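Enquirer: Submitted below is the structure of interest, expressed as structure tokens.
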Amino acid sequence: MSTRFQKALTQLPPALATAIEPMLRDQFAGHLTAEQIKTLSDQSGLEGTELYLALLPIAATMSNAPISNFYVGAIAHGVSGDAYMGANMELVGEALFHSVHAEQSAISHAWLAGERKLVGITVNYSPCGHCRQFMTELNNNEGLTIRLPEQQPQPLTHYLPYAFGPKDLDIEDGLLDGNDHEMLLDNDDALVQRALREANASHAPYSHTPAAIVLETNKGQVFVGRYAENAAYNPSLPPMQMALNGMARMGISFSEIKRAILVESDKGQVSLVHSSADALGTVSKVELETYKANS
Ligand SMILES: O=c1ccn([C@H]2C[C@H](O)[C@@H](CO)O2)c(=O)[nH]1
Ligand SMILES: [Zn+2]
């Protein structure tokens, strides 16, 4: 087991701590399969909301919050039965808007893992307005249950009534609906092609600028981020933050980044080149490679 989880384990009910310990390998990324959740439930005697809330200290351990030292953990529940942990991330040296919230982290984790619908999210603090707006972008926003300590489970609409969302801008596609933007890029570098595939799956209905990031580490691990736009624009999650957050969740140092690739549409109304380089520049000296894909 990775030592980073040792303290969190002491905050879990003992039977749950015993049950989850073998799952917390070094490379544990916060993904629990439906089968693992069943094992945890059987061995701990905890079910549903009680179990999810009890697991939050593990998610919060994945936080990287050097500015606030405030550790937020979230768990997104997929329609498949799998669960995806997320945690907040802050980048020292750049504007605060480069931060990733735990809810965004968990949701992007589920999206990148191929989950097509979320049925709920569990968080250790009340979700902020920005996260409520971010969750409203989800294709299943009306079927999403929010679970918080000390509160009855409630639908997102309870936490964000009279929501402004994609439909107000005549957008039918929600976050986690599958996309294929069918962009092409004449380049036979495997990582550039990977970034192209992720960009083709990104959610950018407002700027029409599908984009994605691929980060490669010295050990050859690959982390990706897809652009996730939001109807209210500002709560959009940029792909660089999503990719960096994937590393942070696994406790991998940003100094391990060897290559950073951005692929974006050549016909978009915006560009992520500068903001991605700014975010990357806070944690790495690696130069961002940028490629324009034909849309
Ligand atoms: O809903 C919330 C509210 C705050 N934070 C994070 C953002 C920042 O890193 C820290 C302080 O706001 O907590 C979240 O992750 N989710
Ligand atoms: Zn938030």
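All residue numbers here begin at 1 and follow the chain in the order shown.
A Cβ is built for glycine as well, from the same backbone N, Cα and C atoms used for every other residue.
Pasting the relevant annotations from TrEMBL:
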- 47-167: domain 'CMP/dCMP-type deaminase' (DOMAIN)
- Asn88, Met89, Glu90: substrate binding site (BINDING)
- His101, Cys128, Cys131: Zn(2+) binding site (BINDING)
- Glu103: active site, proton donor (ACT_SITE)
- 186-295: domain 'CMP/dCMP-type deaminase' (DOMAIN)
Enquirer: Under 6 Å from ligand 2 by C-beta, which of these binding-site residues make it: Asn88, Met89, Glu90? Sequence order, please.
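Expert: Among Asn88, Met89, Glu90, near ligand 2: none.
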Enquirer: Please report the three-state DSSP label of Asn88 (substrate binding site).
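Expert: Asn88 (substrate binding site) sits in coil per DSSP, no helix or strand.
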Enquirer: Within its own chain, what residues at least 6 apart in sequence put their Cβ under 8 Å from the Cβ of Cys131 (Zn(2+) binding site), listed in sequence order?
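Expert: His101, Glu103, Gln104, Pro235 - these are the non-local Cβ neighbours of Cys131 (Zn(2+) binding site), listed in sequence order.
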Enquirer: Which residues does Met89 (substrate binding site) neighbour through Cβ under 8 Å, counting only same-chain ones at least six apart?
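Expert: Sequence-distant Cβ neighbours: Ser63, Asn64, Ala65, Ser99, Val100, Ser105, Gln241, Leu244, Asn245, Ala248.
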Enquirer: List every residue in the same chain as Cys128 (Zn(2+) binding site), at least 6 positions away in sequence, whose Cβ is under 8 Å from its Cβ.
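Expert: Once residues fewer than 6 apart are set aside, Cys128 (Zn(2+) binding site) is near His101.
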Enquirer: If you take the centroid of the Cβ atoms of Asn88, Met89, Glu90, the listed substrate site, which other residues of that chain have their Cβ within 8 Å of it?
Expert: Ser63, Asn64, Ala65, Ile67, Ser68, Val72, Ala87, Leu91, Ser99, Val100, His101, Asn245, Ala248
Enquirer: Per-residue pLDDT averaged over the domain 'CMP/dCMP-type deaminase' (186-295) comes to what?
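Expert: Average per-residue pLDDT within the domain 'CMP/dCMP-type deaminase' (186-295): 98.
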Enquirer: Within a 10 Å radius around the Cβ, which one of these recorded positions has the most neighbouring Cβ atoms: Glu90, Glu103?
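Expert: For the recorded positions Glu90, Glu103, the Cβ with the most other Cβ atoms within 10 Å is Glu103.
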Enquirer: Using Cβ-Cβ distances, find the residues under 8 Å from Asn88 (substrate binding site) that belong to the same chain and are at least 6 apart in sequence, listing them in sequence order.
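Expert: When sequence neighbours closer than 6 are ignored, Asn88 (substrate binding site) has Ser63, Asn64, Ala65, Ser68, Phe70, Tyr71, Val72, Ser99, Val100, His101, Ala102, Ser105 within Cβ distance under 8 Å.
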Enquirer: Specify the count of other C-beta atoms within 10 Å of the C-beta of His101 (Zn(2+) binding site).
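Expert: Its Cβ has 23 other Cβ atoms within 10 Å.
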